[in-house]
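Chemist: Per Swiss-Prot, domain 'Pyruvate carboxyltransferase' is recorded for 8-260, and the stated evidence type is sequence analysis. For Arg16, Asp17, Ser170, His199, Tyr290, the entry in Swiss-Prot reads substrate binding site. Among the features that Swiss-Prot reports, site 'Transition state stabilizer' is placed at Arg16, with the record citing sequence analysis. Feature annotation from Swiss-Prot assigns Mn(2+) binding site to Asp17, His199, His201. Sequence annotations record features per position, and here Swiss-Prot assigns active site, proton acceptor to His20.
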Amino acid sequence: MNDARKKLYISDVTLRDGSHAIRHQYSIANVKAIAAALDRAGVDSIEVAHGDGIEGSSFNYGFGAHSDVEWIEAAAASVKHAKIATLLIPGIGTIHDLRNAYDAGARVVRVATHCTEADVSRQHLEYAREIGMDPVGFLMMSHMTTPQKLAEQAKLMESYGATCVYVVDSGGALGMNDIRDRFRAFKEALKPETQTGMHAHHNLSLGVANSLVAVEEGCDRIDASLAGMGAGAGNAPLEVFIAAAERQGWHHGCDLYGLMDAADDIVRPLQDRPVRVDRETLALGYAGVYSSFLRHAERAADKYGLKTVDILVELGRRKMVGGQEDMIVDVALDLLKSAEHERTHAEPTMSEAGR
């Protein structure tokens, strides 16, 4: 259970996960303003990168307005207290890219893998520790395996040097009891000194609730973003989580009103698509789909005259995971072909029409 005297580690992800919400188009001025506001408000770390992690800028994931190094340097120059964090997905970013991020000012790295593939994080976690970074394990799509198997993967990351391992609800598909079960499994499997973290998405409107439950189960680090800025329906809104934590009497060290101002005055105006629970983002949580698929699926739906929800539900049925963004167009074409087949067979033949 949570010790109310314990200082929660507040990890902001507006400048990384939030990048998905605007197709990775943060300007340097945006980064500086957001990082400075977060630093003044007292968060512990500020994650900065392309939405898909360092070196994610590509045809497959979407090109960023700037390089990760440029974003990280801008954020690092704008803070006095908060640590700059970044995210690396093995296979997208390399240890050489991680070194570049470190030289630019990043001091925390979250090495992200699919929830059953922790073994691919070893090289990156060990290297991060070697160069003096805080190495964190990040188990994405945590709803796609059992609590016990997830804990086994967390144990692997711990053995590679991770100081903290996250339950990552990439699809926003986990319920509150699912969160309890996973953190209890972590507690049984991990060493007492290894911290745990929660990264929620708000697709079922449970981002804040799940984060609160995680803390009740002893979670040390909470991810959240200003105005919920993130993939899909967004992450747990930082200002909302802090307000709820304050009402619980928990020690978070943040300026609530400063966060509220930053969310409404700086971040929300940047959204070209509202970050909210709606028909499409709800489908992500319902079908258990990777939240960053949203904008890609919307683009495919618009191009081929389909419903975004139909594409997302089919992606969920096929159990597509992060890194398979290129398959979204294939799924759209399959749905289009199926619809044309049904339409052709539904039309009466000439002989039937003449009866």
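In case you wondered, yes, glycine gets a Cβ from its N, Cα and C as well.
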Chemist: Over the domain 'Pyruvate carboxyltransferase' (8-260), what is the model's average pLDDT?
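Modeler: Here the predicted model's pLDDT, averaged over the domain 'Pyruvate carboxyltransferase' (8-260), is 98.
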Chemist: Cα within 10 Å of His201 (Mn(2+) binding site): which of the recorded positions Arg16, His20, Ser170 qualify?
Modeler: Ser170
Chemist: Which whole-number value in Å describes the distance between the Cα atoms of Ser170 (substrate binding site) and the residue listed as 'active site, proton acceptor'?
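Modeler: So the alpha carbons of Ser170 (substrate binding site) and the residue listed as 'active site, proton acceptor' sit roughly 13 Å from each other.
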Chemist: How big is the gap, in Å, between the Cα of Tyr290 (substrate binding site) and that of His20 (active site, proton acceptor), rounded to a whole number?
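Modeler: Tyr290 (substrate binding site) and His20 (active site, proton acceptor) have their Cα atoms 12 Å apart.
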Chemist: State the Cα to Cα distance, in Å, between His199 (substrate binding site) and the residue listed as 'active site, proton acceptor', rounded to an integer.
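Modeler: Spelling it out, the Cα of His199 (substrate binding site) and the Cα of the residue listed as 'active site, proton acceptor' are 15 Å apart.
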Chemist: Around the substrate site recorded as Arg16, Asp17, Ser170, His199, Tyr290, what other same-chain residues have a C-beta within 8 angstroms of the site's C-beta center?
Modeler: Val13, His20, Gly51, Ala112, Met140, Val168, His201, Gly230, Ala231, Asn235, Ser291, Ser292
Chemist: May I have the list of same-chain residues other than Asp17, His199, His201 whose Cβ is within 8 Å of the Cβ centroid of the recorded Mn(2+) site, in sequence order?
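Modeler: Those within range, site residues removed, are Val13, Val168, Asp169, Ser170, Gly172, Ala200, Asp223, Ser225, Gly230, Ala231, Asn235, Ala236, Ser291.
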Chemist: So if I draw a 10 Å sphere around the Cβ of His199 (substrate binding site), how many other Cβ atoms end up inside it?
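Modeler: So the number of other Cβ atoms within 10 Å of His199 (substrate binding site) is 29.
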Chemist: Radius 10 Å, atoms counted are CB only; among the recorded positions Arg16, His20, which position scores highest?
Modeler: Arg16
